[in-house]
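Below is one structure, written out as structure tokens; the observations come after it.
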Amino acid sequence: MSTVAEPSTPNPVRTTARLPFHTAVRTVFLLEMKQRLRGKAWYWMLGIWFVVIGFIFVLATGVIGTTDNQGGILFDLVVGFVLFFGLLVAPGLSANAVNGDRAGGTLAILQVTLLTPGQLLAGKWLASWVGSLAFLLLSSPFIFWALALGGVDAREALVSLLMLAVELAVVCAIGVGVSAVAYRPLFSIVSTYMLVALLAIGTLIVYGLSTQLVMEERTMTTSYYTYPDSSVDDMGVPDANAELECVTQTNLSMVPRTEYITWILSANPFVVVADAVPYNLEDYPDPEVPPGALTNGPYYTPGVMETISQGVRASQAGPDDNQTCEESAQLMQPLPQGTPIWPLGLGIQVLLAGALLLLGRRKLTMPAKRLAQGTRIA
């Protein structure tokens, strides 16, 4: 008696082979960069970036003129604007890196290869970061121009550029993570911009509102130099040859204890960059210089990023309840850096980016348990 052999169901072939991490990341990176370099929009963005930065730099050069810190002001201005525009450009380069391929049906092709979700995310993040660094590189002529004017320490310039690159890397990581978590490119782009706005603007709003929670009544002693009443004529004009006298006033007022809430600003990208830079305080006015000598100038004018750094230090120090005449005579009294807050802020940003990348990695893991309607997957 013969039996008919039933066709057996072939077992699925499973492989444990994996590409080396650097090889897989390089492959994804090259694919991403080739796609970017093929499009004309990429070159239009670079051209617009160069024109905008150049216009701002030339305009600032004419407005500032010959000051005692022209090079430092222009360098800080370029760093500030590169960071500002970088926060606008980086989400656009990274926030549709994954779900853009998913919408185009090309992500499934990559998922059936030997690429792991982590390698895929790393390659796309690296491509987005290198793309954002191209905008920083395009700003180099103006950076070197400002450095040639002097007034910028080598360590200050190196740390500023390094922290700029780090911040762009963090923002690109946030964008790639959101792109892997969200299914729609538009939603991921908007979400990334909202997260960046939360770090750059939301921290300032929360800090400002929090000052009302740390108000305290304190006795404030304020001293300042003024002309004596005997040296003022009937028209209210003081005698230029009269000696200034120190007047002290004491009053009871409500002041915010900002040293308790400065940590809120730590996650702000501008604060992270400004607080990490080792600014040279030797060019500031000497606090022991008599006030009469200060009227002849020239005054030291800090740049925008240095002003942010000094503002953070003043917030860390809290209210000055005993201001001397020498302190009030200075246009800007430098504050030595206490405990830096940029490591805390950078840590918060890295934790946010890492959490989003981990969630994105789970979304790309196969087989998927849940899929959004209309999602194509291998």
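Using N, Cα and C of the backbone, Cβ positions are placed for all residues, glycine too.
These features come from TrEMBL:
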- 41-65: transmembrane segment (TRANSMEM)
- 71-91: transmembrane segment (TRANSMEM)
- 128-149: transmembrane segment (TRANSMEM)
- 161-183: transmembrane segment (TRANSMEM)
- 189-210: transmembrane segment (TRANSMEM)
- 341-360: transmembrane segment (TRANSMEM)
### Message
Counting only residues 6 or more past its boundaries, what in the same chain has a CB within less than 8 Å of a CB in the transmembrane segment (71-91)?
### Response
45, 49, 52-53, 56-57, 60-61, 64, 128, 132, 135-136, 139, 142-143, 145-152, 157, 160-161, 164, 167-168, 171-172, 174-175, 189, 192-193, 196, 200, 269-270, 273, 301-306
### Query
Near the transmembrane segment (341-360), which same-chain residues lie under 8 Å Cβ to Cβ, leaving out any that are not at least 6 residues past its ends?
98, 117, 121, 125, 163, 166-167, 170, 173-174, 176-181, 195, 199, 262-263, 265-269, 271-273, 275-276, 312, 316
